[in-house]
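*Asks:* Here Swiss-Prot flags L116, G120, H121, L122 as (6S)-5,6,7,8-tetrahydrofolate binding site. What Swiss-Prot records for K225 is N6-(pyridoxal phosphate)lysine, and it gives sequence analysis as the kind of evidence. If you look up Swiss-Prot, you'll see H224 marked as site 'Plays an important role in substrate specificity'.
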Amino acid sequence: MNYQEQDPEVWAAISKEQARQQHNIELIASENIVSKGVRAAQGSVLTNKYSEGYPGHRFYGGNEYIDQVETLAIERAKKLFGAEYANVQPHSGSQANAAAYMALIQPGDRVMGMSLDAGGHLTHGSSVNFSGKLYDFQGYGLDPETAELNYDAILAQAQDFQPKLIVAGASAYSRLIDFKKFREIADQVGALLMVDMAHIAGLVAAGLHPNPVPYADVVTTTTHKTLRGPRGGMILAKEKYGKKINSAVFPGNQGGPLDHVIAGKAIALGEDLQPEFKVYAQHIIDNAKAMAKVFNDSDLVRVISGGTDNHLMTIDVTKSGLNGRQVQDLLDTVYITVNKEAIPNETLGAFKTSGIRLGTPAITTRGFDEADATKVAELILQALQAPTDQANLDDVKQQAMALTAKHPIDVD
């Protein structure tokens, strides 16, 4: 009996998900498609091993080869970003952030981070998240005119609030972030600087976005998204913070690391070091800009900040007569996957929202070019122009399926 026959219910769901990924245009900005090597590593025998501790200092025996894999991941991460120190054990970006906070500050300390409706992440101080419960966070927003970061306003806020830590980075901000300015702001108020580059890490690695490593005390990231690796987290830092971060990850936040995932991280980081990754990253940005141009030329939607410098954009869909959740559900019926997203000064709440977020990493991995990306944006607008016309929606779905058929995912 093979494994599919052993548990047909689970494998039926996996098979359906594989089909969904094959025929859907994936525009969720945090998703991507990993290589066969990354997938194979995660399904390898490394999942059988327990390895609490760090290379050369484990609490279990038999970790000679686990040490080799983790050391490769560490060294590749340091080389890719020019970092003095790397920890590749965090299970997720959220756990990387939790460990960074634990290493740098104490519960109750003041912290500034981007507010959720401005494009920040839950772990940047949301009241429903551990970060907002354990630490005294104050959110900073965007310039009301440009919907971009206003560094003078952030400085004034920091001078008034006097945080011990400033967090830069976002999960839905489409413009370049000036980490040098954030460093200057932190220095002026005597704060530490942490950067969460989870979304833009691949663009940073490719030299297409400013690198926060020279400026930040600590940098956290996920290893998926634009890095195109397995689901997981990673921390980069100045060497002087290494011991504190190691202790904050293990035993502070986690027990045994996921060795099979760390192997996937090592493989992905090796891929990211290759010249062709830079070409891929540039295509991500080109595709995003092509989509933003289509939306900017339409009266039906509004691109927050007027465009994008990276892999994503937030679209205000209010003029369409639908909210973000309705647009997300509508597009799902025509095989285009997006997520609802709050816009600056959101009034509808997190479960409806006034916007959607779009990203191009996954479609770029599939081979979509600027013409394809332009077509995808046009299909979204076509669906929004007549959201109750089934013939119109059927036409959009057929065109979406034609695009994915032209660029299939290699899953064999």
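Cβ atoms here come from the backbone N, Cα and C positions, even for glycine.
What you are looking at is a predicted structure, and each value in this text was computed from that prediction instead of being measured.
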*Asks:* Least buried of the binding-site residues L116, L122, going by other Cβ atoms within 10 Å?
*Replies:* L122
*Asks:* What whole-number Å value do you get for the CA-CA distance of G120 ((6S)-5,6,7,8-tetrahydrofolate binding site) and the residue listed as 'N6-(pyridoxal phosphate)lysine'?
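*Replies:* Given the Cα positions, G120 ((6S)-5,6,7,8-tetrahydrofolate binding site) is 16 Å from the residue listed as 'N6-(pyridoxal phosphate)lysine'.
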*Asks:* Write out, in the order they occur in the sequence, the residues of the chain not among L116, G120, H121, L122 that have a C-beta within 8 Å of the mean position of the C-beta atoms of the recorded (6S)-5,6,7,8-tetrahydrofolate site.
*Replies:* G113, M114, S115, G119, T123, H124, G125, S126, N129, A170, S171
*Asks:* Please identify, from the recorded positions G120, H121, H224, K225, the residue with the sparsest Cβ neighbourhood, meaning fewest other Cβ atoms within 10 angstroms.
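*Replies:* Among the recorded positions G120, H121, H224, K225, the lowest count of other Cβ atoms within 10 Å belongs to H121.
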*Asks:* Taking Cα atoms as reference points, rank the binding-site residues L116, H121, L122 by distance from K225 (N6-(pyridoxal phosphate)lysine) and give the first.
*Replies:* H121
*Asks:* Taking the Cα atoms as reference points, how far is L122 ((6S)-5,6,7,8-tetrahydrofolate binding site) from H224 (site 'Plays an important role in substrate specificity') in Å?
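*Replies:* Cα-Cα distance, L122 ((6S)-5,6,7,8-tetrahydrofolate binding site) to H224 (site 'Plays an important role in substrate specificity'): 18 Å.
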*Asks:* For K225 (N6-(pyridoxal phosphate)lysine), which of the three DSSP-derived states applies: helix, strand, or coil?
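*Replies:* Going by the DSSP assignment, K225 (N6-(pyridoxal phosphate)lysine) falls within a helical segment, counted as helix.
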